[in-house]
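Database features (Swiss-Prot):
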- 69-74, 103-107, 127-128, 140, 149, 167-170: NAD(+) binding site (BINDING)
- 182, 245, 262: Zn(2+) binding site (BINDING)
């Protein structure tokens, strides 16, 4: 079992990565688990993993909230349902919230934990590749609003993250590849050596080779942990983790959080951002080609959907990086390096989006 520490002073926690961790969940934790627990999950996940988790939680007072499956249900309505369960059960501020599922479940559960009784303990058990390498680490919690993704939320760190790689065996091919997009992102923005490793091991990752997958997850978590430790509240460095997300979130919102997975939208967003960087002479053409080739090698989208420019603009204007009405873009400037840029003309952005969609 591998361990990655997220260093945040008294709020530090450990990410545990390995096989067969779920059946012995309580024994894996270095601290005593809360007596009152709400497990938030969804039907897709619960049919495989809820029973072994509940067996491990024997002796605790456990309630379960099975939210409906899908990004569109990461909503205030689902949040209210979870709150009703906690209040009706008489749970107090010593309770804990366990997220058993992917990014949607984790984001909602974290927001519930951050606000119930002004904050209760929160535990992450991510079951998708995307959530294991990204959303479960770093403390971002949120629900969506009809006008944009993640507009209502808080920074709230978990007490621990337990990544059981065996959970990936039940992922669909599409959801598995969605997680690969976030892994590619880390190489592009932060670690050229890791990017090269991904190029060299694309075949193994496509085949879900356990050794390659374990390393890719561990290195991704290490990178995110380093970034979060330096910039928890996204005042500078952490913003680079949003590579591809300004365009990606616009794709998701415009297609009503259903037609594209988050990872697919991010992959298309990475291409748009990389092309924008190339066109504005920040990224050389060779590096752009490497980024595109790696996404292609992992069977990820390299073109976004066609939609009116005004739709792109409307959704991008709701991005959290907008300041004083000015769009800010995370652009790769070399493999392993990126920067936040605001000095890009709308005409240039329009032309690049047209070319990439």
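Using the three backbone atoms N, Cα and C, a Cβ is placed for every residue, glycine included.
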_Give me the CA-CA distance between residue 245 (Zn(2+) binding site) and residue 103 (NAD(+) binding site), in Å, as a whole number._
15
_Coarse DSSP state, helix versus strand versus coil, of residue 262 (Zn(2+) binding site)_ = helix
*Return the residues near residue 167 (NAD(+) binding site), defined as same-chain residues 6+ apart in sequence whose C-beta is under 8 angstroms from its C-beta, sorted by sequence, else 'none'.*
22, 48, 49, 126, 127, 128
*List the same-chain residues at least 6 positions away in sequence whose Cβ sits under 8 Å from the Cβ of residue 170 (NAD(+) binding site), in sequence order, or say none.*
48
_Protein Cβ atoms within 10 Å of residue 128 (NAD(+) binding site), excluding its own_ = 30
*Which of 103, 106, the listed binding-site residues, has fewest other Cβ atoms within 10 Å*: 103
*For the recorded Zn(2+) site, enumerate neighbouring residues of the same chain (Cβ within 8 Å of the Cβ centroid of 182, 245, 262, site residues themselves excluded), in sequence order.*
130, 134, 181, 185, 244, 248, 263, 265, 266, 269
*asked:* I'd like the Cβ neighbour count for residue 182 (Zn(2+) binding site), meaning other Cβ atoms within 10 Å of its Cβ, all protein chains included.
replied: 27
*What is the one among the binding-site residues 245, 262 whose Cβ has the most other Cβ atoms less than or equal to 10 Å away?*
262
*Cβ neighbours within the same chain of residue 69 (NAD(+) binding site) - under 8 Å, at least six residues apart*: 42, 43, 44, 104
*If you count Cβ atoms within 10 Å of the Cβ of residue 72 (NAD(+) binding site), leaving out that atom itself, what do you get?*
14
*Distance between residue 103 (NAD(+) binding site) and residue 262 (Zn(2+) binding site) at the Cα atoms, whole Å?*
9
*Report, in whole Å, the straight Cα-to-Cα distance of residue 106 (NAD(+) binding site) from residue 262 (Zn(2+) binding site).*
14
